[in-house]
Amino acid sequence: MADMPSGESCTSPLELFNSIAAQGELVRSLKAGNAPKDEIESAVKMLLSLKMNYKTAMGEEYKAGCPPGNSTAGSNGDPDATKASEDFVDPWTVRTSSAKGIDYDKLIVQFGSSKIDKELINRIERATGQRPHRFLRRGIFFSHRDMNQILDAYENKKPFYLYTGRGPSSEAMHLGHLVPFIFTKWLQDVFDVPLVIQMSDDEKYLWKDLTLEQAYSYTVENAKDIIACGFDVNKTFIFSDLEYMGQSPGFYKNVVKIQKHVTFNQVKGIFGFTDSDCIGKISFPAVQAAPSFSNSFPKIFRDRTDIQCLIPCAIDQDPYFRMTRDVAPRIGHPKPALLHSTFFPALQGAQTKMSASDPNSSIFLTDTAKQIKSKVNKHAFSGGRDTVEEHRQFGGNCEVDVSFMYLTFFLEDDDSLEQIRKDYTSGAMLTGELKKTLIDVLQPLIAEHQARRKAVTEETVKEFMAPRQLSFHFQCFCFDT
């Protein structure tokens, strides 16, 4: 694929070999113990992904009992090489053994994207005339593909549009789910462009133990939370895959074109699919790719095929869009541009991202003030010392403290955040005080969101989800003849 990283692997082959052996043992033990099918399939996917990484690094297939030589470049006892092998990121799994979380600099190299640097942030500020969002200022959105092309288009008064999405797997969304929508709302405001939001209820039906009716009902409930973020109904189209596929021939035609240009071998290598996966899973990446092309939305862009889109998303979704970027020029479309965010850590620590399937790892948008306080106090991983005396003497570690991490996402004032960092690091602020600060930020944030959501009616949802013409700044440029 054109956009796959081509540099040297960041992983020690010996460490990767050992990981494959250990994962193989896990798969065998799960099968022998008659573990749930989903658990076995997840383990098998991880095994195949590890083997693919090994083949890329070594140029040959993994062979059990035949470890690579220990003199491979990059091993040499380098702790960074070992750490890289312990970071695992794909669209379904995020895992690291480091309490600091994923090494995003190495992930940029691994995925072949570009770092969002100060120069790019300054250019965004000049183009929009607006102060950069805190997610940009603090490196929460840290990586991109072709953002300079988007800015070129904007500065030359050429149109582009935003595309993001949500896989609705439960009625309640959590704080981590808010991150891309908060940022996308800011992008919509400062660039004054249309936005399409894909609700991939078909994906959740294929991957989860859900009925079609349940998957669609989650779409409607999640759409209410998304609308409550403040999107402009005149510039925003939210669509259900289950619903829109039958309403838009242009959308389905793009899905079929993508399917024709991507082989099973490619998607197996990208996503780790196995022979036991249903064909719906294998073909789904084309459905997630299709909104990247403007003529998938004829009510908005008519038959224009040349309007580029910008996709804000977490970096675990990048494999879908590396595939999309490879296909785009072959079917007559510009490559989508991307802005990648870091992961929102679980309460228990940055080794994994927040998950809706674990209520103790997540703060939900439906939680009460009492529940928020209890979860932060009981479950938020602390970077503090074992005793007050030690903490006062040596200070806390903000790099692993979840409460501080959450404040970097949600506390707007940079000076206040920096003062908290200094106080906690010096020992002047205790863990309990830091957690109280976070609670004082989260409780009103979620209460205000709940109030906005309560005002979202079924009619409001229908209005956002109706295929229709949108109103936006560059509309006249889209339809000039």
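Start at 1 and count along the chain as shown; that gives each residue its number.
For all residues, glycine too, the Cβ spot is worked out from N, Cα and C.
Feature annotation (Swiss-Prot): of 53-57, 133-137, 293-297, 353-357, the stretch labelled motif ''KMSKS' region' is 353-357. Given the ranges 28-37, 168-177, 268-277, the record in Swiss-Prot names 168-177 as motif ''HIGH' region'. Below 8 angstroms of C-beta separation, residues 199-201, 204, 208, 210, 215, 217-219, 221-222, 225, 343-344, 353-354, 356-357, 362-366, 406, 409-410, 442, 446 of the same chain, each at least six residues beyond the ends of the motif ''HIGH' region' (168-177), sit close to that stretch. Note on the motif ''HIGH' region' (168-177): DSSP counts are 3 helix, 1 strand, 6 coil.
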